[in-house]
Amino acid sequence: MGELFRSEEMTLAQLFLQSEAAYCCVSELGELGKVQFRDLNPDVNVFQRKFVNEVRRCEEMDRKLRFVEKEIRKANIPIMDTGENPEVPFPRDMIDLEANFEKIENELKEINTNQEALKRNFLELTELKFILRKTQQFFDEMADPDLLEESSSLLEPSEMGRGTPLRLGFVAGVINRERIPTFERMLWRVCRGNVFLRQAEIENPLEDPVTGDYVHKSVFIIFFQGDQLKNRVKKICEGFRASLYPCPETPQERKEMASGVNTRIDDLQMVLNQTEDHRQRVLQAAAKNIRVWFIKVRKMKAIYHTLNLCNIDVTQKCLIAEVWCPVTDLDSIQFALRRGTEHSGSTVPSILNRMQTNQTPPTYNKTNKFTYGFQNIVDAYGIGTYREINPAPYTIITFPFLFAVMFGDFGHGILMTLFAVWMVLRESRILSQKNENEMFSTVFSGRYIILLMGVFSMYTGLIYNDCFSKSLNIFGSSWSVRPMFTYNWTEETLRGNPVLQLNPALPGVFGGPYPFGIDPIWNIATNKLTFLNSFKMKMSVILGIIHMLFGVSLSLFNHIYFKKPLNIYFGFIPEIIFMTSLFGYLVILIFYKWTAYDAHTSENAPSLLIHFINMFLFSYPESGYSMLYSGQKGIQCFLVVVALLCVPWMLLFKPLVLRRQYLRRKHLGTLNFGGIRVGNGPTEEDAEIIQHDQLSTHSEDADEPSEDEVFDFGDTMVHQAIHTIEYCLGCISNTASYLRLWALSLAHAQLSEVLWTMVIHIGLSVKSLAGGLVLFFFFTAFATLTVAILLIMEGLSAFLHALRLHWVEFQNKFYSGTGFKFLPFSFEHIREGKFEE
């Protein structure tokens, strides 16, 4: 089979890179993205590797760039992204980059510090301006006799009796508006009502110099008598984080201070504007290049991380690396190494040497933007074992088709297809926007899956003749009512029977099968569900058994490729016979009944369920039991016996043959050391047995070929028993599992019909002049519920059930999924802006 149906052939290669050329060679390999480096220093601490200092320098540059990016985003300056892929800087360029980033960071920090100090000063002056303005209003109000009478409680009765002049102290300040009620209660309780508080709101919010948020504040002035109350008031103000400001006692002094404050505010505003302009210029200049800087720094960091995976030659002049790479890309890798050597100016070429190993290579399946989503569906279950059959090419068709069987509705399929087509046509623009919405990104990555699901849903919707729960009368119904009146229907028959059944046996009633799909007359029939359930149930069984048989057939190609004849003789053959003897025969019975009994003889059609149950019970009653065909009893008994014989065939033969092979090897005293045979030479049959065992052994961790392990017949027998039981019971449970195709299709059709009947049908029934307006609102509700329930919820449900059918019922027949993914060293994720390591 071609590479499309299997993972790429991989090889382990050793790279010898000259120290001065290693950086450029790894850079070229990163641009190519076809090699996966192995860590040759697993026992060496990360902080003790050779290039750890360079990695730290790159991380420090990355930190500075993140700081600059944060400031750019805070200033709402758009970051320019031209899609440019800059070349990796040379190691000597790191000093210039560090100096440039250091300069920008220090300049921004200095600007921010100065700006924060200026804003703090500006805030204080602004608060003082409002204090002077509001306190003047307070003092003007103090001349009011009513207010003076209100504040008279601040004086002791003895002082009032002696006529002591009123000498009140006061403090003025600003506090957050939401703290005023609590602040007022605290003053009243602590000072026992011996203070007088006046407060007024500042109309405009003030900017916090630290956070940049706008805060609503209020001006307050507190009158008191005595130093003790003064200390209490100041402590309370300090606890509530109120800002206190000096306020002159005379109106003239307050007026002069206000004039000076306004002048200073104007001067400070001018300086702040100039500072902000300078900051904007610095950030705008950085915004033009920051994406390029990010890519350069992170490419350098990735290169040094990769170089830390290499071994250093004892001469300190050569780096040794081991990489996994596809065999088909060896030439391009060699070319990349030559290009890297030329860029570095080295005269000694880098060497790539293929290595022989018994380690299991990583699994690498080439994909494009169309197959990427389907490959992800397979990989979500498990990464395929190296070189085993890849289910993704078949999933491209089977997955959307099984989804459509459950989702089949022509109208809903059109909506889904239109949405997918919109994403496909605008994919370039959407990719360039780099949408960070995770849910939309997930849906967009599966746009081609959704496209095929929509197209197949349109196809199955036409088969079901279902469009928003209504049938399409394209070719005209094949059923006619007129012949029924010709034979036995009368006016009295119509009046006395609310439900009448057409007799297809009468000439002219049934004109033959509908040209395509289901006859639209069934949409208004009262026994519609009975007919559709029978059809969809049988269809689900047929599709399920064909799907599983296809999966078992694919296992044959795996056994042939891995040269495992025992798995063919004692695995594939009995498995395929077991399934076809029982469930393949059931499919044949379904098709036979469809062809043997037409509309005229349907009354005599026997029940397949009864026949299939009696087949296992060997029960064939003499009376009241009609055979489907002659010789049915003998054929069915033979098939059941064959299926039963397949169970010990799968269970016993393979362990016994493996035990016999082990005893023969042990008797011959033959060992194999790297291909050199010692002892009595085995026969040709024994050589094939040894080869089969070696090819069946895959070790991911062992660096050297392992010796023949001791054969444990008990473990082998238990493992084979588990596999046999799982397969035999799985054939039954998996076949039943495919009935979800029928169940989900029924649920979708019923929900669609309920929506039409309970929503849009009511809107269409309004006959008044306001019917158009009513229909508008009902249609809006119908469209919303259709998208939310039938397209999204039901679509997601059908999607998950299709996943289950592929992962469990299909892939477990041939797909082990125990491999590990090929993760090449590549700069692609850096170019796309995905910087997470």
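Every residue number used here counts from 1 along the chain in the order it is shown.
Glycine is no exception: its Cβ is also placed from the backbone N, Cα and C atoms.
The record in Swiss-Prot shows differing topological domain names for I430 and V754, meaning opposite sides of the membrane. Within the list N273, N488, the entry that Swiss-Prot describes as N-linked glycosylation site is N488.
Taking Swiss-Prot as the reference, the stretch among 292-321, 442-471 described by the feature transmembrane segment is residues 442-471. As annotated in Swiss-Prot, phosphothreonine applies, among T164, T360, to T360. Only sequence-distant pairs (6 or more apart) were considered; of these, at least three Cβ pairs between the transmembrane segment (442-471) and the transmembrane segment (389-407) are under 8 A, so the stretches are in contact. In the topological domain 'Cytoplasmic' (810-837), helix, strand and coil residues by DSSP number 8 helix, 1 strand, 19 coil.
Under 8 Å from some Cβ of the topological domain 'Vacuolar' (594-638) lie the Cβ atoms of residues 504-505, 510, 585-586, all in the same chain and six or more residues away from its ends. Note on the transmembrane segment (725-749): residues 402, 405-409, 464, 466, 469, 529, 532-533, 536-537, 539-541, 543-545, 547-548, 575, 578-579, 582-583, 647, 650, 790, 794, 797-798, 801, 804-805, 808-809, 812 of its chain, located 6 or more positions outside it, place their CB under 8 angstroms from a CB of the stretch.
On the backbone, the CA of T360 (phosphothreonine) and the CA of T250 (phosphothreonine) stand 92 Å apart. Between the transmembrane segment (389-407) and the transmembrane segment (573-593) there are fewer than 3 Cβ pairs closer than 8 Å, counting only pairs 6 or more residues apart in sequence, which means the two stretches are not in contact. Recorded stretches compared: 535-554, 573-593, 639-658; the one with the most Cβ pairs under 8 Å to the transmembrane segment (771-809) is 535-554.
Only residues 6 or more beyond the boundaries of the topological domain 'Vacuolar' (750-770), in the same chain, are considered here, and those with a CB under 8 A from a CB of the stretch are 409, 412, 466, 468-470, 777-779, 781-782, 785-786, 789-790, 794.
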